[in-house]
Amino acid sequence: MSQQNGNVNRVGAQDRVGASGGMEHSFGFKAVDENEKQGLVNDVFHKVAKRYDIMNDLMSAGMHRVWKDAMVAWLAPSKRPGWTSLDVAGGTGDIAFRIVEVSGRQAHVTILDINGSMLGVGRERAIKKGLIDNLEFVEANAEELPFEDNSFDAYTIAFGIRNVPHIDKALSEAYRVLKPGGRFLCLEFSEVELPVLDKVYDEWSFRAIPRIGKMITGDADSYSYLVESIRKFPKQQDFAAMIEKAGFERVSYRNFTGGIAALHSGWKL
């Protein structure tokens with residue numbers, strides 16, 4: 001049950017979705033029909049696509065850039081020709097660009113996103129960076145990937161899986177399209193585990209982020225949804241259990257900045 005803390009709607013751990021799932025019925029704190037959720041999420045990202053980096057800066061106080069660097073460092077992309085990665089919900093290219101550059105421009109990355117506006121931003125950025133030859137852009141649903149079994153050496157998703165209505169389906173699809181020996185990595189906002197930081201981050205999230213979002217983009221509602229969706233997402237241990245249930249082995253996670261974000265890893269063995 002949500003607790004009132006001044007004007008801050010603070011969500012306790014009991015309000016988070018557990019390992020059994022349930023994100024398909026929530027749009028932030030609002031209960032919705034699961035058939036509505038994807039359309040509502042799409043509307044949010046159509047609105048914020050051109051300001052996506054600003055959005056992530058607001059959500060993470062600029063730390064998302066450090067976390068993404070750490071994600072790709074832990075992935076350790078191969079520098080051998082032919083190594084392939086699928087970056088899901090990766091429209092603007094932040095993770096894919098890092099993978100290509102760390103691999104010495106040997107990796108080929110498929111960027112998949114359900115939102116065409118996000119992909120458009122990513123394609124423009126890729127051309128400006130001179131990375132377009134290493135990339136493919138695909139508009140499709142994470143729950144129904146348009147690829148053959150055992151297609152990719154790695155699967156990454158950053159700040160995207162909490163927006164997928166059926167997380168279990170997305171995880172099953174990730175497992176299916178990875179080659180044996182392939183690696184799954186997911187970076188997502190998570191449960192802050194330091195009590196003082198928890199309170200500070202709640203104040204920042206619920207008071208400041210929507211207001212700043214409105215000043216910069218004229219849209220407070222999208223930022224409110226994004227904050228609320230973080231508080232509904234499963235905590236670290238529960239999400240790890242979901243990854244294991246999808247078939248992955250050697251599942252582990254690392255907290256960043258006291259648990260503001262967590263990086264989960266699993267292997268298809």
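Easy rule for this one: first residue shown is 1, then count along the chain.
Here the Cβ of each residue, glycine as well, is placed from N, Cα and C on the backbone.
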Matching residue for the S-adenosyl-L-methionine site, where Swiss-Prot names ASP113, ASN141, ALA142 - out of THR92, THR156: THR92
Conformational class of ASP113 (S-adenosyl-L-methionine binding site) under the three-state DSSP mapping: strand
